[in-house]
Amino acid sequence: MGGRLNDLIQVAYGGKNVILSMMKNKTRQTSSVFINNLNSLNNNNNNISLKDKFKDLKDLKDNLNEKKINNDNDDDDEDNLIFDEKKDFLNENKNPELNYIKSKGHKIPSSQTSRFWEFTKLAVGVGAGFLGEKTKRTIDSSSSSSSPSSSYSAIFTDTNAERMAESFSRMRGAALKIGQVLSIQDESFLPPKFVEILDRVRKNANPIPLEQLYNTMSNELGENWRSKFQLFQDDPIAAASIGQVHRAITLDGKEVAVKVQYPGVADSITSDIKNLSSLLKMIVPETAYIEKSLESARSELLLETDYLNEASNQLKFKSLLESSINSGTNGSFKYLKDLYVPNVIMELTTKRILTTEFVHGTSIDKITIENHNQETRDWISKNILSLCLAELFEFNFMQVDPNWTNFVVDFENKRINLLDFGACRNYKSEFLFNYLKSIEGGVNRDINQILEYSLKLGYLTGDENKQMNDAQAKSILILSEPFSKLYYKENNLKTYPFNEKQIAKRISQLIPTMLKNRLKPPPEETYSLHRKLSGCYLVCSKLKSNINSTLIFNHFKNIFYKNYK
């Protein structure tokens, strides 16, 4: 199992260094030299010429900041259009629970040229910052700048976090997605200050100007789009990686959420992924198998830009959840009854606009140990863990985006609203059977069973050395701890204290061994699965939950075996 770094790689939308092949003009050739020099430095630790390289890159950065790509005046002129205070609804009585975005609208760069330019500036800035940090550490005799961890920490500095946050927020799309993924890592994976800075990316992405908003609404719903609503709030209540969300009231009086896709995002996914790879190659070793994850990530993100597909996923998920709750035969009612999926308003939904029932509540990123008691936090964690296991072993269909804002707690009605079904996938029964067997091996502390089913799943080839086999077995043992009665008994536990056990940190300690000894990439299905499971564990850890996870696991395990054919 690839651990936390592999989880990042799998969702970071990296790949081959295609930036180099795209570079044709002088600026791009210079950037190519920059990337090659940076990779050479990172791989060979050629500290003799470090100061000279840093000076060259500083000059390049200054030069790039003075240049401007003219692209028919389409995107590079960042006109800052301020949202009007029009006669939109709720201007006089806005919901205080919601954070309306009244900042300047930033025009999103939508052409390939303008987005390439943004990535080039970011790469140069991050690279110059990296070399500056390496130079400082080389001069400091107390620092061992030749170590891999030194290169890693030289990338993840506060200054580079600020660069990424600003750039990702401006570009949205795949770029902003990586910022959001980085922002929900725990402190065992990234420096706390780095996570804190990038958390702004997740919470405060820039909205688009009204001009772009109105153009999209007109293109998708017609020039008379406002006539399809009683009221429409121009100020978005959320701005994320692919689109932003507005409140509205339909003609029949329903309060709805209207998600509007950013212009050009769908067309930029592939090139964005290729451009991001140039940044990842500074820190990611070859054995991380970026190439394998690239196509999966690209396909997943492209599906997220199709809101008709998301509407279909949401309706399917709603049907599966309600059928399970209402069946009354398998006992899932008590595990899933407090979960809710909003309705979809299909007549106001297109490929670029998604309209759904508006739900109220507090996203789980705002739930803290200071403002909610243990019982409430445990209730939330039980629901999130039950949902994750139901998706795998009962529905065989999973929403794989663990963004904390996708879970909204409605305390008044005591339910958790589930949002954002753009990233979903089905799992075949054969894969789930082998995966469950490997987890059961961990639950029963059976190393042979873990390795047997790791081989069947495709984690191993059978030719791995003892170090790799041991690391694989340990990762499964750690992952399965919350579900193991034997582990509870051995450690005198009645419930599993997620925060104390630090699952992510312990698995991350196995990463160097795996990256050094791995012979093949992890199975493709686990990229998204482990992103979701990791997110689930992080929620339980953040809330300092103490729950009997064995009961939940055994329930959904039994459902799977009952239905398995």
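In case you wondered, yes, glycine gets a Cβ from its N, Cα and C as well.
Since this is a predicted model, take the numbers as computed values, not measurements.
Annotation note: Asp401 (active site, proton acceptor) sits in a coil segment as assigned by DSSP. Sequence-distant neighbours of Asp401 (active site, proton acceptor) (same chain, 6+ apart, CB under 8 A from its CB) are Asp420, Gly422, Ala423, Arg531, Lys532. Among the features that Swiss-Prot reports, active site, proton acceptor is placed at Asp401.
Summarising the annotation, Swiss-Prot assigns ATP binding site to Ile237, Ala238, Ala239, Ala240, Ser241, Ile242, Gly243, Gln244, Val245, Lys259 and lists sequence analysis as the type of evidence. According to its DSSP assignment, Gly243 (ATP binding site) is in a strand. Other Cβ atoms within 10 Å of the Cβ of Gly243 (ATP binding site) number 25 in total over all chains.
Look at Swiss-Prot and you will find 44-77 tagged as coiled coil, backed by sequence analysis.
The domain 'Protein kinase' annotation in Swiss-Prot covers 231-565 and rests on sequence analysis.
Among the binding-site residues Ile237, Ala239, Val245, the residue whose Cβ has the fewest other Cβ atoms within 10 Å is Ile237.
When secondary structure is read from DSSP and collapsed to three states, Ile237 (ATP binding site) falls in the coil class. The Cβ neighbour count for Ser241 (ATP binding site), using a 10 Å radius over every protein chain in view, is 27.
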